[in-house]
Amino acid sequence: MVLKDVNLRKRFKQHAAKCSPGQVVEGVRRRISILNWITTYDREAMVTDFIAGVTLGLTIIPQSLAYAPLAGLPSHYGLYAAFMGSLVYVIFGTVKEVSVGPTSLMALLAVQYTVDKPIDYMIMLAFLAGVVELLMGIFKLGFLVSFIPIPVTSAFTSATSIIIIGTQLKHLFGIPSNARGFFQTVYSLSAKITQFSAGDLVLGGIAICFLLALRQITKIPVKEDTAGGRFLKKFLWYVSLSRNALIVLITSTVAYRWSNSGEDEVPFKLSGHVKAGIPGFELPIHNVHVGNETIPYFEVVKDLGSSLILVPLVAILANVSIAKAFTAGKIVDASQEMIALGLCNIFGSCFSAMPTCGAFTRSAVSHSSGVRTPLAGMYSAIMTLLALSLLTPYFYFIPKTTLAAVLIVSVAFMIDFSIVDTLRKASKMDTLAWFCCFSVSLFAGVEVGLLFGIFISVVGLLRTWVRPEIAQNSMERAGTRYVKLSPETGLFFPAVDFLRTKVIQVATEQQVPVVVDCSTVIGLDHTSAKGLKMLADELGKIKQQLVLLNLKPGLRKLLVDGAKTADSTITFWEDEAAASVAAPAGTVQMIA
(Lines of atoms letter the chains of each structure in order from A and count residues from 1; the text may use other names and numbers.)
(Lines give C-alpha, C1' and ligand atoms only; values in the text may rest on other atoms or scores of the structure.)
Protein backbone atom coordinates (compact mmCIF):
# COMPACT_ATOMS: atom_id res chain seq x y z
CA MET A 1 0.00 0.00 0.00
CA VAL A 2 2.86 2.36 0.84
CA LEU A 3 4.46 1.61 -2.54
CA LYS A 4 1.21 2.39 -4.34
CA ASP A 5 0.91 5.71 -2.47
CA VAL A 6 4.47 6.66 -3.47
CA ASN A 7 3.76 5.87 -7.13
CA LEU A 8 0.55 7.91 -7.03
CA ARG A 9 2.42 10.86 -5.55
CA LYS A 10 5.09 10.62 -8.26
CA ARG A 11 2.47 10.54 -11.00
CA PHE A 12 0.65 13.48 -9.44
CA LYS A 13 3.87 15.51 -9.37
CA GLN A 14 4.59 14.64 -13.00
CA HIS A 15 1.11 15.75 -14.11
CA ALA A 16 1.37 18.87 -11.96
CA ALA A 17 4.67 19.76 -13.64
CA LYS A 18 3.03 19.40 -17.05
CA CYS A 19 0.19 21.67 -15.92
CA SER A 20 2.48 24.41 -14.60
CA PRO A 21 1.74 27.96 -15.84
CA GLY A 22 4.75 27.88 -18.15
CA GLN A 23 3.67 24.63 -19.75
CA VAL A 24 0.09 25.87 -20.17
CA VAL A 25 1.27 29.09 -21.85
CA GLU A 26 3.54 27.10 -24.15
CA GLY A 27 0.67 24.80 -25.06
CA VAL A 28 -1.61 27.73 -25.83
CA ARG A 29 1.07 29.40 -27.96
CA ARG A 30 1.62 26.17 -29.88
CA ARG A 31 -2.09 25.83 -30.73
CA ILE A 32 -2.92 29.52 -31.28
CA SER A 33 -0.10 30.15 -33.73
CA ILE A 34 -0.66 33.89 -34.13
CA LEU A 35 0.69 34.41 -30.58
CA ASN A 36 4.13 33.21 -31.75
CA TRP A 37 4.72 36.08 -34.19
CA ILE A 38 2.19 38.87 -33.62
CA THR A 39 4.31 40.55 -30.90
CA THR A 40 7.17 41.07 -33.37
CA TYR A 41 4.97 42.17 -36.27
CA ASP A 42 6.31 45.42 -37.73
CA ARG A 43 5.36 48.00 -40.35
CA GLU A 44 7.51 46.44 -43.07
CA ALA A 45 5.82 43.06 -42.62
CA MET A 46 2.42 44.76 -42.64
CA VAL A 47 3.08 46.50 -45.98
CA THR A 48 4.44 43.30 -47.55
CA ASP A 49 1.50 41.26 -46.27
CA PHE A 50 -0.95 43.89 -47.51
CA ILE A 51 0.47 43.67 -51.04
CA ALA A 52 0.46 39.86 -50.91
CA GLY A 53 -3.08 39.81 -49.48
CA VAL A 54 -4.49 42.13 -52.15
CA THR A 55 -2.77 40.10 -54.87
CA LEU A 56 -4.17 36.92 -53.36
CA GLY A 57 -7.63 38.49 -53.17
CA LEU A 58 -7.55 39.19 -56.92
CA THR A 59 -6.95 35.47 -57.40
CA ILE A 60 -9.27 33.97 -54.80
CA ILE A 61 -12.41 35.94 -55.74
CA PRO A 62 -12.77 34.73 -59.35
CA GLN A 63 -11.65 31.22 -58.35
CA SER A 64 -14.27 31.07 -55.59
CA LEU A 65 -16.98 32.19 -58.00
CA ALA A 66 -15.94 29.35 -60.33
CA TYR A 67 -15.48 26.59 -57.73
CA ALA A 68 -18.91 26.95 -56.13
CA PRO A 69 -20.85 26.00 -59.30
CA LEU A 70 -18.43 23.09 -59.73
CA ALA A 71 -19.73 21.87 -56.36
CA GLY A 72 -23.33 22.40 -57.48
CA LEU A 73 -23.76 25.60 -55.45
CA PRO A 74 -24.59 29.22 -56.33
CA SER A 75 -21.47 31.34 -56.84
CA HIS A 76 -21.69 33.28 -53.58
CA TYR A 77 -21.16 30.12 -51.50
CA GLY A 78 -17.60 30.03 -52.79
CA LEU A 79 -17.04 33.53 -51.41
CA TYR A 80 -18.41 32.46 -48.01
CA ALA A 81 -15.76 29.73 -47.88
CA ALA A 82 -13.04 32.09 -49.09
CA PHE A 83 -13.40 34.75 -46.43
CA MET A 84 -13.93 32.43 -43.46
CA GLY A 85 -11.12 30.03 -44.32
CA SER A 86 -8.68 32.92 -44.75
CA LEU A 87 -9.62 34.54 -41.44
CA VAL A 88 -9.42 31.41 -39.29
CA TYR A 89 -6.11 30.29 -40.78
CA VAL A 90 -4.59 33.65 -39.80
CA ILE A 91 -5.08 32.71 -36.15
CA PHE A 92 -4.28 29.01 -36.15
CA GLY A 93 -2.17 28.40 -39.29
CA THR A 94 1.59 27.88 -39.17
CA VAL A 95 2.67 28.26 -42.82
CA LYS A 96 2.48 31.82 -44.14
CA GLU A 97 2.07 30.81 -47.78
CA VAL A 98 -0.92 28.49 -47.34
CA SER A 99 -4.23 29.90 -48.59
CA VAL A 100 -7.25 28.01 -47.25
CA GLY A 101 -10.48 28.34 -49.19
CA PRO A 102 -12.56 26.62 -51.87
CA THR A 103 -10.63 24.44 -54.31
CA SER A 104 -11.50 22.48 -57.41
CA LEU A 105 -10.42 19.29 -55.64
CA MET A 106 -12.75 19.76 -52.67
CA ALA A 107 -15.60 20.93 -54.91
CA LEU A 108 -15.41 17.89 -57.17
CA LEU A 109 -14.94 15.45 -54.29
CA ALA A 110 -17.77 16.87 -52.18
CA VAL A 111 -20.28 17.05 -55.03
CA GLN A 112 -19.99 13.27 -55.47
CA TYR A 113 -21.89 12.90 -52.18
CA THR A 114 -24.22 15.91 -52.30
CA VAL A 115 -25.39 15.89 -55.91
CA ASP A 116 -29.16 16.44 -56.26
CA LYS A 117 -29.39 17.04 -52.50
CA PRO A 118 -30.23 20.26 -50.63
CA ILE A 119 -27.45 22.80 -50.06
CA ASP A 120 -27.57 21.98 -46.34
CA TYR A 121 -25.89 18.66 -47.15
CA MET A 122 -22.80 20.45 -48.45
CA ILE A 123 -22.67 22.75 -45.42
CA MET A 124 -23.05 19.82 -43.00
CA LEU A 125 -20.32 17.94 -44.87
CA ALA A 126 -18.01 20.92 -44.32
CA PHE A 127 -18.84 20.92 -40.60
CA LEU A 128 -18.40 17.17 -40.09
CA ALA A 129 -15.23 17.09 -42.18
CA GLY A 130 -13.89 19.89 -39.98
CA VAL A 131 -14.71 17.92 -36.83
CA VAL A 132 -12.88 14.86 -38.20
CA GLU A 133 -9.86 17.00 -39.18
CA LEU A 134 -9.81 18.62 -35.75
CA LEU A 135 -9.94 15.25 -33.96
CA MET A 136 -7.22 13.84 -36.22
CA GLY A 137 -5.04 16.80 -35.28
CA ILE A 138 -5.74 16.48 -31.56
CA PHE A 139 -4.99 12.74 -31.58
CA LYS A 140 -2.02 13.17 -33.96
CA LEU A 141 -3.33 10.87 -36.68
CA GLY A 142 -1.48 12.59 -39.48
CA PHE A 143 0.48 9.40 -40.11
CA LEU A 144 -2.58 8.09 -41.98
CA VAL A 145 -1.69 10.45 -44.82
CA SER A 146 1.54 8.48 -45.24
CA PHE A 147 -0.51 5.62 -46.67
CA ILE A 148 -1.24 7.75 -49.74
CA PRO A 149 1.98 7.51 -51.82
CA ILE A 150 3.10 10.11 -54.34
CA PRO A 151 2.17 8.04 -57.45
CA VAL A 152 -1.40 7.70 -56.18
CA THR A 153 -1.55 11.40 -55.33
CA SER A 154 -0.28 12.28 -58.81
CA ALA A 155 -2.81 9.99 -60.53
CA PHE A 156 -5.62 11.30 -58.34
CA THR A 157 -4.74 14.92 -59.10
CA SER A 158 -4.39 14.29 -62.86
CA ALA A 159 -7.67 12.39 -63.05
CA THR A 160 -9.45 15.06 -61.00
CA SER A 161 -8.13 17.79 -63.31
CA ILE A 162 -9.35 15.94 -66.40
CA ILE A 163 -12.78 15.40 -64.83
CA ILE A 164 -13.00 19.11 -63.95
CA ILE A 165 -12.14 20.06 -67.52
CA GLY A 166 -14.80 17.62 -68.74
CA THR A 167 -17.46 19.12 -66.46
CA GLN A 168 -16.67 22.64 -67.70
CA LEU A 169 -16.94 21.81 -71.40
CA LYS A 170 -20.73 22.20 -71.25
CA HIS A 171 -20.29 25.82 -70.17
CA LEU A 172 -17.54 26.38 -72.71
CA PHE A 173 -19.76 25.13 -75.54
CA GLY A 174 -22.97 26.52 -74.02
CA ILE A 175 -24.66 23.11 -74.15
CA PRO A 176 -27.13 22.24 -71.35
CA SER A 177 -26.23 18.91 -69.76
CA ASN A 178 -26.92 17.16 -66.46
CA ALA A 179 -24.49 14.29 -67.08
CA ARG A 180 -22.19 13.21 -64.26
CA GLY A 181 -18.75 11.69 -64.60
CA PHE A 182 -16.13 12.29 -67.25
CA PHE A 183 -17.21 9.80 -69.89
CA GLN A 184 -20.92 10.48 -69.41
CA THR A 185 -20.28 14.19 -69.83
CA VAL A 186 -18.18 13.72 -72.95
CA TYR A 187 -20.80 11.37 -74.44
CA SER A 188 -23.63 13.79 -73.63
CA LEU A 189 -21.78 16.71 -75.21
CA SER A 190 -20.94 14.64 -78.28
CA ALA A 191 -24.61 13.78 -78.73
CA LYS A 192 -25.64 17.45 -78.43
CA ILE A 193 -22.69 19.05 -80.19
CA THR A 194 -24.96 20.58 -82.86
CA GLN A 195 -26.67 22.59 -80.10
CA PHE A 196 -23.51 24.49 -79.18
CA SER A 197 -23.66 28.24 -78.63
CA ALA A 198 -21.31 30.15 -80.92
CA GLY A 199 -21.23 33.09 -78.49
CA ASP A 200 -20.18 30.95 -75.52
CA LEU A 201 -17.60 29.04 -77.56
CA VAL A 202 -15.99 32.15 -79.06
CA LEU A 203 -15.88 34.02 -75.76
CA GLY A 204 -14.57 30.94 -73.93
CA GLY A 205 -11.87 30.40 -76.54
CA ILE A 206 -10.81 34.04 -76.31
CA ALA A 207 -10.74 33.82 -72.49
CA ILE A 208 -8.54 30.70 -72.56
CA CYS A 209 -6.11 32.31 -75.03
CA PHE A 210 -6.04 35.46 -72.87
CA LEU A 211 -5.28 33.49 -69.70
CA LEU A 212 -2.57 31.41 -71.38
CA ALA A 213 -0.96 34.51 -72.87
CA LEU A 214 -0.90 36.36 -69.55
CA ARG A 215 0.52 33.26 -67.91
CA GLN A 216 3.52 33.52 -70.23
CA ILE A 217 4.14 37.29 -70.23
CA THR A 218 6.55 37.05 -67.30
CA LYS A 219 8.89 35.21 -69.68
CA ILE A 220 9.24 38.29 -71.92
CA PRO A 221 12.92 39.27 -71.80
CA VAL A 222 13.33 42.54 -69.90
CA LYS A 223 16.58 44.28 -69.00
CA GLU A 224 16.53 44.58 -65.22
CA ASP A 225 19.67 46.71 -64.93
CA THR A 226 17.59 49.92 -65.10
CA ALA A 227 14.82 51.28 -62.91
CA GLY A 228 12.42 51.23 -65.85
CA GLY A 229 13.26 47.63 -66.62
CA ARG A 230 12.71 46.54 -63.02
CA PHE A 231 9.39 48.39 -62.93
CA LEU A 232 8.26 46.76 -66.18
CA LYS A 233 9.26 43.32 -64.88
CA LYS A 234 7.28 43.87 -61.69
CA PHE A 235 4.33 45.24 -63.65
CA LEU A 236 4.23 42.20 -65.95
CA TRP A 237 4.41 39.94 -62.91
CA TYR A 238 1.38 41.62 -61.30
CA VAL A 239 -0.57 41.53 -64.55
CA SER A 240 0.15 37.80 -64.85
CA LEU A 241 -0.97 37.13 -61.27
CA SER A 242 -4.17 39.13 -61.81
CA ARG A 243 -5.11 37.38 -65.05
CA ASN A 244 -8.17 35.61 -63.57
CA ALA A 245 -9.55 38.84 -62.13
CA LEU A 246 -8.78 40.72 -65.36
CA ILE A 247 -10.63 38.30 -67.65
CA VAL A 248 -13.63 38.25 -65.32
CA LEU A 249 -13.64 42.07 -65.18
CA ILE A 250 -13.27 42.49 -68.96
CA THR A 251 -15.90 39.96 -70.00
CA SER A 252 -18.33 41.12 -67.31
CA THR A 253 -17.98 44.71 -68.53
CA VAL A 254 -18.66 43.58 -72.08
CA ALA A 255 -21.74 41.64 -70.93
CA TYR A 256 -22.97 44.57 -68.81
CA ARG A 257 -22.66 47.09 -71.67
CA TRP A 258 -24.21 44.66 -74.14
CA SER A 259 -27.13 43.98 -71.79
CA ASN A 260 -27.81 47.70 -71.29
CA SER A 261 -27.35 48.70 -74.90
CA GLY A 262 -30.98 47.87 -75.76
CA GLU A 263 -29.87 45.90 -78.79
CA ASP A 264 -29.73 42.13 -79.27
CA GLU A 265 -29.75 39.69 -76.35
CA VAL A 266 -26.36 38.85 -74.86
CA PRO A 267 -25.05 35.91 -76.96
CA PHE A 268 -23.58 34.01 -74.03
CA LYS A 269 -25.01 32.69 -70.79
CA LEU A 270 -24.53 34.80 -67.65
CA SER A 271 -24.07 33.69 -64.04
CA GLY A 272 -27.29 35.31 -62.91
CA HIS A 273 -28.29 36.67 -59.53
CA VAL A 274 -25.69 36.45 -56.75
CA LYS A 275 -26.92 36.98 -53.20
CA ALA A 276 -25.35 39.93 -51.44
CA GLY A 277 -24.08 40.08 -47.86
CA ILE A 278 -22.85 37.52 -45.36
CA PRO A 279 -25.13 34.83 -43.94
CA GLY A 280 -25.84 34.85 -40.23
CA PHE A 281 -24.09 32.51 -37.82
CA GLU A 282 -25.81 29.13 -37.56
CA LEU A 283 -24.36 25.91 -36.17
CA PRO A 284 -25.07 23.27 -38.86
CA ILE A 285 -26.51 20.67 -36.49
CA HIS A 286 -30.18 20.55 -37.42
CA ASN A 287 -32.75 18.71 -39.48
CA VAL A 288 -33.02 19.44 -43.19
CA HIS A 289 -36.34 20.61 -44.62
CA VAL A 290 -37.11 19.78 -48.26
CA GLY A 291 -40.57 21.03 -49.19
CA ASN A 292 -42.95 19.35 -46.75
CA GLU A 293 -40.41 16.64 -45.85
CA THR A 294 -38.09 16.81 -42.85
CA ILE A 295 -34.86 14.79 -42.97
CA PRO A 296 -33.46 14.08 -39.46
CA TYR A 297 -29.90 15.23 -38.82
CA PHE A 298 -28.51 11.74 -38.25
CA GLU A 299 -30.15 10.57 -41.46
CA VAL A 300 -28.18 13.30 -43.26
CA VAL A 301 -24.99 12.06 -41.58
CA LYS A 302 -25.79 8.53 -42.73
CA ASP A 303 -26.40 9.73 -46.30
CA LEU A 304 -23.00 11.43 -46.38
CA GLY A 305 -21.41 8.02 -45.69
CA SER A 306 -17.75 7.54 -46.55
CA SER A 307 -17.33 11.22 -47.42
CA LEU A 308 -16.93 11.90 -43.69
CA ILE A 309 -13.58 10.10 -43.86
CA LEU A 310 -12.49 10.59 -47.45
CA VAL A 311 -13.10 14.35 -47.73
CA PRO A 312 -11.10 15.29 -44.59
CA LEU A 313 -8.35 12.80 -45.46
CA VAL A 314 -7.86 14.29 -48.93
CA ALA A 315 -8.06 17.83 -47.51
CA ILE A 316 -5.36 17.02 -44.95
CA LEU A 317 -3.21 15.43 -47.64
CA ALA A 318 -3.48 18.56 -49.79
CA ASN A 319 -2.86 20.96 -46.91
CA VAL A 320 0.15 19.13 -45.46
CA SER A 321 1.66 18.61 -48.92
CA ILE A 322 1.38 22.32 -49.71
CA ALA A 323 2.81 23.25 -46.31
CA LYS A 324 5.83 20.99 -46.85
CA ALA A 325 6.35 22.36 -50.37
CA PHE A 326 6.70 25.95 -49.12
CA THR A 327 8.64 25.45 -45.87
CA ALA A 328 11.96 24.72 -47.61
CA GLY A 329 12.85 21.66 -45.56
CA LYS A 330 11.67 23.03 -42.21
CA ILE A 331 9.61 20.81 -39.95
CA VAL A 332 5.86 21.18 -40.47
CA ASP A 333 3.63 20.69 -37.44
CA ALA A 334 1.16 18.40 -39.22
CA SER A 335 -1.06 18.12 -36.15
CA GLN A 336 -1.41 21.90 -35.90
CA GLU A 337 -2.14 22.13 -39.63
CA MET A 338 -4.93 19.58 -39.20
CA ILE A 339 -6.32 21.52 -36.24
CA ALA A 340 -6.21 24.77 -38.23
CA LEU A 341 -7.90 23.17 -41.24
CA GLY A 342 -10.54 21.59 -39.02
CA LEU A 343 -11.37 24.92 -37.41
CA CYS A 344 -11.50 26.62 -40.84
CA ASN A 345 -14.17 24.15 -41.92
CA ILE A 346 -16.08 24.19 -38.64
CA PHE A 347 -16.31 27.98 -38.43
CA GLY A 348 -16.80 28.25 -42.19
CA SER A 349 -19.78 25.88 -42.09
CA CYS A 350 -21.39 28.13 -39.50
CA PHE A 351 -21.45 30.78 -42.25
CA SER A 352 -22.71 28.44 -44.99
CA ALA A 353 -19.27 27.62 -46.44
CA MET A 354 -18.46 24.59 -48.57
CA PRO A 355 -15.55 22.25 -47.59
CA THR A 356 -12.17 23.95 -47.89
CA CYS A 357 -8.46 23.15 -47.90
CA GLY A 358 -5.22 24.73 -49.05
CA ALA A 359 -4.83 25.59 -52.74
CA PHE A 360 -1.42 25.15 -54.35
CA THR A 361 -1.93 27.86 -56.99
CA ARG A 362 -3.02 30.47 -54.46
CA SER A 363 -0.23 29.46 -52.09
CA ALA A 364 2.22 29.93 -54.96
CA VAL A 365 0.79 33.42 -55.50
CA SER A 366 1.34 34.26 -51.82
CA HIS A 367 4.88 32.94 -51.99
CA SER A 368 5.66 34.93 -55.14
CA SER A 369 4.18 38.06 -53.56
CA GLY A 370 6.71 37.92 -50.73
CA VAL A 371 4.22 37.14 -47.97
CA ARG A 372 5.73 37.53 -44.48
CA THR A 373 3.07 36.10 -42.14
CA PRO A 374 -0.34 34.40 -42.31
CA LEU A 375 -1.89 37.83 -41.67
CA ALA A 376 -1.94 38.34 -45.44
CA GLY A 377 -5.02 36.12 -45.39
CA MET A 378 -6.87 38.83 -43.45
CA TYR A 379 -6.44 41.31 -46.30
CA SER A 380 -7.66 38.82 -48.90
CA ALA A 381 -10.62 38.03 -46.61
CA ILE A 382 -11.45 41.76 -46.41
CA MET A 383 -11.42 41.95 -50.22
CA THR A 384 -13.77 38.98 -50.35
CA LEU A 385 -16.14 40.68 -47.86
CA LEU A 386 -16.07 43.86 -49.92
CA ALA A 387 -16.92 41.83 -53.00
CA LEU A 388 -19.87 40.24 -51.17
CA SER A 389 -21.07 43.64 -49.98
CA LEU A 390 -20.50 45.89 -53.00
CA LEU A 391 -19.92 43.86 -56.15
CA THR A 392 -22.64 41.21 -56.09
CA PRO A 393 -24.97 43.17 -58.44
CA TYR A 394 -22.22 43.04 -61.05
CA PHE A 395 -21.53 39.32 -60.54
CA TYR A 396 -24.80 38.77 -62.40
CA PHE A 397 -23.04 39.70 -65.65
CA ILE A 398 -20.10 37.30 -65.32
CA PRO A 399 -20.32 34.90 -68.29
CA LYS A 400 -20.41 31.23 -67.30
CA THR A 401 -17.98 30.43 -70.09
CA THR A 402 -15.45 32.83 -68.53
CA LEU A 403 -15.56 31.00 -65.21
CA ALA A 404 -15.24 27.72 -67.13
CA ALA A 405 -12.12 29.09 -68.86
CA VAL A 406 -10.64 30.12 -65.49
CA LEU A 407 -11.16 26.59 -64.14
CA ILE A 408 -9.87 24.84 -67.24
CA VAL A 409 -6.65 26.85 -67.40
CA SER A 410 -6.12 26.57 -63.63
CA VAL A 411 -6.30 22.77 -63.51
CA ALA A 412 -4.81 21.97 -66.94
CA PHE A 413 -1.29 22.47 -65.60
CA MET A 414 -1.93 20.05 -62.72
CA ILE A 415 -2.13 17.13 -65.16
CA ASP A 416 1.16 15.25 -64.99
CA PHE A 417 1.78 12.33 -67.32
CA SER A 418 5.56 12.69 -67.24
CA ILE A 419 5.67 10.86 -63.91
CA VAL A 420 4.61 7.65 -65.64
CA ASP A 421 7.94 7.32 -67.44
CA THR A 422 9.80 7.89 -64.18
CA LEU A 423 7.69 5.31 -62.37
CA ARG A 424 8.09 2.80 -65.18
CA LYS A 425 11.86 2.90 -64.77
CA ALA A 426 11.76 2.78 -60.97
CA SER A 427 8.90 0.52 -59.83
CA LYS A 428 6.35 -1.66 -61.59
CA MET A 429 4.09 -1.60 -58.53
CA ASP A 430 4.08 2.22 -58.39
CA THR A 431 3.29 2.29 -62.12
CA LEU A 432 0.40 -0.13 -61.58
CA ALA A 433 -0.92 1.95 -58.66
CA TRP A 434 -0.79 5.11 -60.84
CA PHE A 435 -2.68 3.52 -63.75
CA CYS A 436 -5.27 1.89 -61.47
CA CYS A 437 -5.97 5.09 -59.55
CA PHE A 438 -6.10 7.18 -62.73
CA SER A 439 -8.37 4.87 -64.74
CA VAL A 440 -10.72 3.98 -61.87
CA SER A 441 -11.07 7.68 -61.00
CA LEU A 442 -12.20 8.44 -64.55
CA PHE A 443 -14.60 5.49 -64.78
CA ALA A 444 -15.96 5.14 -61.24
CA GLY A 445 -15.27 8.45 -59.50
CA VAL A 446 -12.30 10.08 -57.79
CA GLU A 447 -13.10 8.73 -54.32
CA VAL A 448 -13.18 5.13 -55.57
CA GLY A 449 -10.03 5.71 -57.61
CA LEU A 450 -8.15 7.10 -54.62
CA LEU A 451 -9.12 4.19 -52.39
CA PHE A 452 -8.26 1.68 -55.12
CA GLY A 453 -4.87 3.30 -55.68
CA ILE A 454 -4.14 3.13 -51.95
CA PHE A 455 -5.24 -0.52 -51.92
CA ILE A 456 -2.85 -1.40 -54.77
CA SER A 457 0.01 0.39 -53.02
CA VAL A 458 -0.67 -1.38 -49.73
CA VAL A 459 -0.89 -4.73 -51.53
CA GLY A 460 2.49 -3.98 -53.10
CA LEU A 461 3.88 -3.18 -49.67
CA LEU A 462 2.51 -6.41 -48.23
CA ARG A 463 3.91 -8.34 -51.17
CA THR A 464 7.42 -7.29 -50.21
CA TRP A 465 6.84 -8.77 -46.74
CA VAL A 466 5.10 -11.94 -47.90
CA ARG A 467 7.35 -12.64 -50.92
CA PRO A 468 10.61 -10.78 -50.27
CA GLU A 469 13.30 -10.71 -52.90
CA ILE A 470 16.05 -13.11 -51.81
CA ALA A 471 19.53 -12.69 -53.28
CA GLN A 472 21.41 -15.99 -53.68
CA ASN A 473 25.22 -16.23 -53.78
CA SER A 474 27.53 -19.26 -53.75
CA MET A 475 30.40 -18.74 -51.30
CA GLU A 476 33.42 -20.67 -50.09
CA ARG A 477 35.14 -20.46 -46.70
CA ALA A 478 38.00 -22.63 -45.37
CA GLY A 479 37.59 -25.03 -48.26
CA THR A 480 33.89 -25.54 -47.61
CA ARG A 481 31.28 -24.30 -50.05
CA TYR A 482 28.00 -22.82 -48.85
CA VAL A 483 25.13 -20.71 -50.21
CA LYS A 484 24.24 -17.32 -48.74
CA LEU A 485 20.62 -16.14 -49.01
CA SER A 486 19.96 -12.46 -48.33
CA PRO A 487 16.29 -11.41 -47.88
CA GLU A 488 15.81 -7.78 -48.85
CA THR A 489 13.16 -7.10 -46.19
CA GLY A 490 12.52 -8.09 -42.59
CA LEU A 491 11.42 -11.55 -41.48
CA PHE A 492 7.97 -11.60 -39.91
CA PHE A 493 5.26 -14.25 -40.08
CA PRO A 494 4.03 -13.60 -43.66
CA ALA A 495 7.49 -14.32 -45.11
CA VAL A 496 8.78 -17.21 -43.00
CA ASP A 497 7.12 -19.98 -45.05
CA PHE A 498 8.48 -18.48 -48.26
CA LEU A 499 11.98 -18.40 -46.74
CA ARG A 500 11.67 -21.98 -45.47
CA THR A 501 10.72 -23.21 -48.93
CA LYS A 502 13.65 -21.36 -50.51
CA VAL A 503 16.21 -22.64 -47.96
CA ILE A 504 15.09 -26.28 -48.20
CA GLN A 505 15.09 -26.09 -51.99
CA VAL A 506 18.66 -24.76 -52.08
CA ALA A 507 19.92 -27.19 -49.40
CA THR A 508 18.36 -30.20 -51.13
CA GLU A 509 19.51 -29.32 -54.62
CA GLN A 510 23.06 -28.25 -53.79
CA GLN A 511 23.73 -30.37 -50.66
CA VAL A 512 25.64 -27.55 -48.92
CA PRO A 513 25.06 -25.51 -45.76
CA VAL A 514 22.78 -22.50 -46.14
CA VAL A 515 23.63 -19.13 -44.58
CA VAL A 516 20.73 -16.67 -44.14
CA ASP A 517 21.87 -13.06 -43.88
CA CYS A 518 19.65 -11.51 -41.17
CA SER A 519 20.95 -7.95 -41.49
CA THR A 520 17.47 -6.73 -42.36
CA VAL A 521 15.71 -8.64 -39.55
CA ILE A 522 14.59 -6.07 -36.99
CA GLY A 523 12.35 -8.42 -35.00
CA LEU A 524 10.94 -11.91 -34.76
CA ASP A 525 7.34 -12.65 -33.93
CA HIS A 526 6.24 -16.00 -32.52
CA THR A 527 5.33 -17.45 -35.92
CA SER A 528 8.63 -16.52 -37.57
CA ALA A 529 10.62 -17.85 -34.60
CA LYS A 530 8.72 -21.16 -34.73
CA GLY A 531 9.21 -21.25 -38.49
CA LEU A 532 12.99 -20.93 -38.16
CA LYS A 533 13.09 -23.69 -35.54
CA MET A 534 11.05 -25.96 -37.78
CA LEU A 535 13.40 -25.13 -40.65
CA ALA A 536 16.39 -26.09 -38.53
CA ASP A 537 14.68 -29.40 -37.64
CA GLU A 538 13.99 -30.14 -41.29
CA LEU A 539 17.58 -29.39 -42.27
CA GLY A 540 18.85 -31.52 -39.40
CA LYS A 541 16.98 -34.52 -40.79
CA ILE A 542 18.96 -34.28 -44.03
CA LYS A 543 22.23 -33.68 -42.11
CA GLN A 544 22.40 -30.01 -43.05
CA GLN A 545 22.77 -26.95 -40.86
CA LEU A 546 21.10 -23.56 -40.83
CA VAL A 547 23.40 -20.59 -40.31
CA LEU A 548 21.99 -17.19 -39.35
CA LEU A 549 24.35 -14.31 -40.12
CA ASN A 550 24.20 -10.90 -38.41
CA LEU A 551 21.14 -11.73 -36.29
CA LYS A 552 20.84 -9.18 -33.50
CA PRO A 553 21.93 -10.55 -30.08
CA GLY A 554 18.55 -9.70 -28.56
CA LEU A 555 16.82 -12.07 -30.98
CA ARG A 556 19.15 -15.05 -30.48
CA LYS A 557 17.92 -16.24 -27.11
CA LEU A 558 14.45 -16.90 -28.47
CA LEU A 559 15.91 -19.33 -31.01
CA VAL A 560 18.68 -20.82 -28.84
CA ASP A 561 16.33 -21.83 -26.01
CA GLY A 562 14.01 -23.59 -28.42
CA ALA A 563 16.82 -25.27 -30.39
CA LYS A 564 18.36 -26.93 -27.30
CA THR A 565 15.45 -29.30 -27.06
CA ALA A 566 15.34 -30.04 -30.76
CA ASP A 567 17.42 -32.32 -32.95
CA SER A 568 18.62 -29.46 -35.06
CA THR A 569 21.58 -27.25 -35.78
CA ILE A 570 21.33 -23.46 -35.64
CA THR A 571 24.58 -21.56 -36.06
CA PHE A 572 24.88 -17.85 -35.45
CA TRP A 573 27.57 -15.84 -37.24
CA GLU A 574 28.62 -12.32 -36.45
CA ASP A 575 31.74 -12.30 -38.63
CA GLU A 576 31.30 -14.21 -41.86
CA ALA A 577 35.01 -14.09 -42.67
CA ALA A 578 36.12 -15.62 -39.33
CA ALA A 579 33.37 -18.21 -38.97
CA SER A 580 33.71 -21.92 -39.62
CA VAL A 581 31.03 -23.56 -41.70
CA ALA A 582 31.54 -27.05 -40.30
CA ALA A 583 29.49 -27.89 -37.21
CA PRO A 584 28.22 -31.23 -35.88
CA ALA A 585 24.57 -31.91 -36.54
CA GLY A 586 22.22 -31.79 -33.59
CA THR A 587 24.09 -28.96 -31.80
CA VAL A 588 23.77 -25.23 -31.41
CA GLN A 589 26.91 -23.35 -32.35
CA MET A 590 27.32 -19.66 -31.54
CA ILE A 591 30.32 -17.93 -33.09
CA ALA A 592 30.95 -14.42 -31.77
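These residue numbers are counts, starting from 1, taken along the chain as shown.
Glycine is no exception: its Cβ is also placed from the backbone N, Cα and C atoms.
The domain 'STAS' annotation in TrEMBL covers 491-559. The transmembrane segment annotation in TrEMBL covers 50-70, 77-95, 121-143, 193-214, 235-258, 304-326, 338-356, 376-396, 403-420, 432-462.
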Taking the transmembrane segment (338-356) as reference, the highest number of CB pairs under 8 angstroms among 50-70, 77-95, 235-258, 304-326 goes to 77-95
Positions on the same chain near the transmembrane segment (403-420), where near means CB under 8 A and six or more residues out = 62-63, 65-67, 69-70, 75, 104, 151, 154, 157-158, 160-162, 164-165, 168-169, 171-172, 204, 207-208, 211-212, 215, 244, 247-248, 271, 360-361, 431, 434-435
Residues from the same chain, set at least six apart from the ends of the transmembrane segment (121-143), whose C-beta lies under 8 A from its own = 71-73, 77, 81, 110-111, 113-114, 283-285, 288, 297, 300-301, 303-304, 307-309, 311-312, 315-316, 320, 334-350, 352-356
State the non-local partners of the transmembrane segment (304-326) in its own chain: residues 6+ outside its ends, Cβ under 8 Å from one of its Cβ atoms.
-> 94-95, 97-98, 100, 103, 105-106, 109-110, 112-114, 121, 124-125, 128-130, 132-133, 136, 142, 144-145, 148, 153, 332, 334, 337-338, 341-342, 345, 355-360, 363, 367, 447, 450-451
Output the single range from 50-70, 77-95, 235-258, 376-396 maximising the number of Cβ pairs under 8 Å to the transmembrane segment (193-214).
-> 235-258
Are there residues at least 6 beyond the ends of the transmembrane segment (235-258) whose Cβ is under 8 Å from a Cβ of it, and what are they?
-> 55, 58-59, 61-63, 65, 203, 207, 210-211, 214-215, 217-218, 220, 222, 266, 268, 270, 365, 368-369, 394-395, 397-399, 402-403, 405-406, 410
Mean of the pLDDT scores, which run from 0 to 100, over the domain 'STAS' (491-559) = 80
Using DSSP, tally how many residues of the domain 'STAS' (491-559) sit in helix, strand and coil.
-> 41 helix, 8 strand, 20 coil
